[in-house]
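Novice: Checked TrEMBL, it gives:
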SIGNAL    1-19  signal peptide
DOMAIN    134-310  domain 'Laminin G'
DOMAIN    316-491  domain 'Laminin G'
DOMAIN    493-530  domain 'EGF-like'
DOMAIN    529-580  domain 'Fibrinogen C-terminal'
DOMAIN    737-902  domain 'Laminin G'
DISULFID  Cys875-Cys902  disulfide bond
DOMAIN    903-941  domain 'EGF-like'
DOMAIN    963-1144  domain 'Laminin G'
TRANSMEM  1183-1208  transmembrane segment
COMPBIAS  1215-1226  compositional bias 'Basic and acidic residues'
REGION    1215-1251  region 'Disordered'
COMPBIAS  1230-1244  compositional bias 'Polar residues'
Amino acid sequence: MVLPLYLIFYFIAVSVSKGAGGWSPLNSNKYQWLEIKLEQRTEITAIATQGRYGSSDWLTRYLLMFSDTGHNWRPYRQEDSIGAFSGNSNADSVVMYKLQQPIIAQYIRILPLHWNPNGRIGLRLEAYGCQYKSDVVSFDGSAHLLFRPDPSVSLADRDVLSMNFKTLLNSGMLVHMEEHSGHSFTLELFRGKLLLQLRKGTKTHLSALLGSLLDDQHWHHIRVERIRGLVNFTVDKNTQQFQLPEFHFLNSFHKISFGGTSASGLQKSHSRRNFHGCLENVLYNDISVIERAEEQQLSITVSGNVSFTCPESIDVPVTFASPGSFLALPWVSGGESASVSLQFRTWNRAGLLMTFDLQHNAGTLWLYLSEARARLQIHKTGRIMTDITAGASLNDGQWHSLELAVRRGRLAVTLDRTDSSTASTSFPVAPDSQLFLGGCPDTEGGSGCRNPFSVFQGCMRLIRTDGALVDLIRVQQMLFGNFSDLQMDMCGIVDRCSPSRCEHGGRCSQSWSTFHCNCSATGYSGATCHSSIYEASCEAYKHKGNTSGFYYIDMDGSGPIKPQLIYCNMSDKAWMVIQHNNTELTKLKASSGINQHLAHFNYSADAEQIQAIITQAEYCEQELSYHCKKSRLLNTPDGAPFSWWVGRSGEAHMYWGGAVPGSQQCACGLQENCVHPEHFCNCDADSKEWLNDSGLLSHKEHLPVRALAVGDINRSGSEAAYRVGPLQCYGDNNFWNAAYFNKETSYLHFPTFHGELSADISFLFKTSSSSGVFLENLGIKDFIRIELSSPTQVLFSFDVGNGPLEVKVETASALNDERWHHVRAERNVKEASLYVDHHPGTVQKAPADGHIHLQLNSQLFVGGTASRQKGFLGCIRSLKLNGKTLDLEERAEITPGVTPGCPGHCSSYGDLCQNHGSCVEDHSGFTCDCSLSPYTGTFCHKDVSAFFKPGTSVTYTFKEPYKLNRNVSAQSSSIYSDLTLRGENVSLSFRTSQAPALLLYVSSYYREFLAVLLNRNGHLDVKYKLQHNRDAEVFRASGRNLANGQLHRVSVQRLGETSTKVTILSPDCSCGGDIEISLKTQTQLFLIAESGEVDPEIARLNALGFTGCLSVVQFNSISPLKAALLYPDTSPVIVTGALSESSCGSSLPTNPYAAETTHSLADHVGTVGTGEPIVNAINSDSALIGGVIAVVIFVSLAALAVMARFLYRRKETFQPQEPKAEKNDDSPETPFNTDPNSQSIISDNQKEYFI
């Protein structure tokens, strides 16, 4: 019968006034406590406190301690980090705590921490609990119990072992279990942790480590539960779950040893010793082993000295917990020899262990931890007289023994009884009057103690001076020595890495007060390695401006799925390509005795990753091809299939690539175009000629292809080949999942967010509103909220029980600009952080000893709050909570005031389109239209290049229905002198080792020209003749050799009627700027090119031809080289000779230097109104391309000695043009017909260019 225990304690202290009830000590200070001794060990489930009756005395904060012996106290912790309880706010109200984990103890103690500042310490206490039944057995390190379970009642599918244990030693065998099959199962204490192992012989099949600091002489609970192949391993409140190997646990154990095992069994263990300590309530499948042992039943064999009581050793540790902690002990001189010994444990790598002044002013001795080693130094008048070190890795949390011994001028420091360092001294080494441990008191006290090192934070016990044990209880009672800020009769060390709060494989390290996670090589970041550093899809990488390549993809962000290296093919779509072990065409030949060929495919991503990729993708496909010669495939129309493939779930599928699931057809059967119409697959015709059935599998639920079975290959003459392509997916349903909130009172609601210890929230938003709540989730007291608090501030606020905490990010520019902005917030046990776009983030540290669990219970509100106030107006997209994306669009479909989806992405992502590419809106994202750019690729970033040799040419023709005689007069040409081209922009990149070489040539009808060339020294020259009655002149634009095989970029830009700018971009230029040629003239270049006389030097260079690379050739919006290479069939180009695309122009650095020189041509030009025809008179980019591009092409191919030819005709010039259909493709038609940068475009004139 379980009886409730109801205890009410009223203590009358010396200071209690008449008529008042409760406990109140004489002195109200931090060294007081209230201790309660129960009749026996009791299970305590709750406590309640009040202040002292009728007074101003109450506790506002206190510690709850418990013990079995009245010594070696243990603090009760509510959440592994909360040691203190909040008390009362007055003398009468009752504050009750139901303990999450009941206390089982005979002694409890209340330690006041804070009390009413206007009163004194005062307390009335109630404790609630139940009687506790305990069967115990103790082992002395050489004994054990052997239990043989009854095989007739064994449970083959389930085993449960539970017990409690306590010990002072950190290693020892607890349980050893054996099967008839030779497998053994062990539980052993190793370095203060519990190690579970499954072995057969010397081979270990399974190993798990749990718990820490279990050698503290307190009871710890163990439970091992096996349900078929699944094992739950629990130590105290922490549980690990793992799967057993398939071959194991088919049989029950035939013998179980508790407390140790035989000598041969110990040799295979880590601890190499039997258990020394006590076991309690040992149950195996509900059988009490200790009860049977006490009753001396035949199933139990007792070996060695076993006692059914638990003797308690009096162990009084002391904790140095704060920077002000120290312990001072008086020293009585004992002659020439002296010794000090103690045991300590700590997590810190540094700290003072002991110090004292030597007798006769011989100096000062310091013994301290440095880099986790013990170091002893003796200083005298600023000199180091002695310096020795001993030990290693002393900050591992284990108990280490330390002894300092001095005898006859020889000093020795010994660690753990084995590692010793010695030194000789010429002076006596003995304390003068006092020995200080852990630290020093304030120097104002005149103690003479100095500590130039860190203070010690940790525990000490078994302190001896000259062999005599120091009575720390007398020290606690202030009857001996002196101390400050010590926690007496307890070791308060906490293992903050057990269980580890570091996620995703982060390595945990710790000091006394905190822990640190090393996230290197994990793929995650943050204080607890919670947040992934990778994107969730190729789509996300694309929208960061990344091009094709291998990227790590983390499908679920902070979730359990590991990142995977995947190739992203950034074309019009962002394709994720998952390779497998055989994507090549594999040929099969007939082989006698083999009826079927089986092929299994192992993918670069595991099954969980692939499933996440397919689920998240918008579309997936996988090529499946079968080439056959007298080898049937599906045996259509009515036969049993010879071949099939196995999909994701392991199910065989009888349809082929290009057909629909369940059809037992190939693509030709679906399209009704098979070679033999009576069959649904080409190969089913059993032809002696090679045929094939190929197509794409796109039913996502069936992908990927895991295996392929090919059957009809055993006949004579049968041949076949198959190919299973890589799995390819594009689109990210999560990345574009969005909702538009058009009412302030509208919101979406989702189930409660569970992020007790770690919570990360990320999303994108765009708005024109100045404020609004993005999301909110409430608890009874706890909450979490993210909001736009002002146009330039995002606020992340939450409460986990320590009071509201706010994290803010201020931005320099407004966030309500209708552009997408990214928000990422994270809260964990160490800190809270908030990041907005690429602005500097804000990090707020969590309280060192505060609540850590976020406990929420309301619905999660998105876009608003439960009160319908401060709602958000705008779009929220890709909302992820702990790696899981919320389906905003699905909820928005059924929610008034919220619309699924949110267009308008170019305002945010349009800058990703480079080199004059234009952004085109898409339902899910955007694309870059490269039709007006000489570049191509996803972001118009890929240059179009070709390597030229003499003999290669490209002719570009502008179509026109009317042609004029080439002997058109200058007068007719000047009719259009009032039509003025505002400017030209000609650019190209080149790479050559040829010098001299012609790079660019512009010619007019009147034999005026401008040429850009490399002279025989490789220097860039600009040769020009701008009036037909003057001689040609040369301007040296560059004094460097550009014929060096490196890539250079030349740009000729006429900015207006009076100046032209030439720019050279080179990777090796050491000077900055541009080459600028100012054409301060009123005479424009005439663009009618004739095949008359050519400058002799130009003709000579042309005859040499050009060998080298040209890329990204452009005139205004025209890209003739791109048209010739990529669209030769649809563009008005004629290619002569071999011309193919090359990557020769792709190595120009992204930030090349530029060389700049300015030259004036003012003295060499004519004036307006001279009566001469004005050149460059056609107001169209197309008009000028003959003069410039003809040269670019002429230069490019250096195969023709001709200049571009233009013919002008007035007829039909001003007739209205038919509107053209809009084109957004990356094709040459659009710029060839229409240029938005030109004015009054005349497209009726025919022009012809040779490239």
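These residue numbers are counts, starting from 1, taken along the chain as shown.
Note that Cβ sites are derived from N, Cα and C of the backbone, with glycine treated the same way.
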Novice: Could you tally the C-beta atoms, other than its own, that fall within 10 angstroms of the C-beta of Cys875 (disulfide bond)?
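Specialist: I get 23 for this one.
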Novice: Which stretch from 134-310, 737-902, 903-941 shares the most C-beta pairs under 8 Å with the domain 'EGF-like' (493-530)?
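Specialist: Comparing 134-310, 737-902, 903-941 against the domain 'EGF-like' (493-530), the winner is 737-902.
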Novice: Going by DSSP assignments with H, G and I as helix and E and B as strand, what are the residue counts for the domain 'EGF-like' (493-530)?
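Specialist: Once the DSSP states are binned, the domain 'EGF-like' (493-530) shows 0 helix, 10 strand, 28 coil.
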Novice: Under DSSP, the domain 'EGF-like' (903-941) has how many residues in helix, strand and coil?
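Specialist: Summed over the domain 'EGF-like' (903-941), the classes give 7 helix, 11 strand, 21 coil.
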Novice: Could you tell me the mean pLDDT over the domain 'EGF-like' (493-530), as a whole number?
Specialist: 93
Novice: For Cys902 (disulfide bond), what is the tally of other C-beta atoms lying within 10 angstroms of its C-beta?
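Specialist: So the Cβ neighbour count for Cys902 (disulfide bond) comes to 23.
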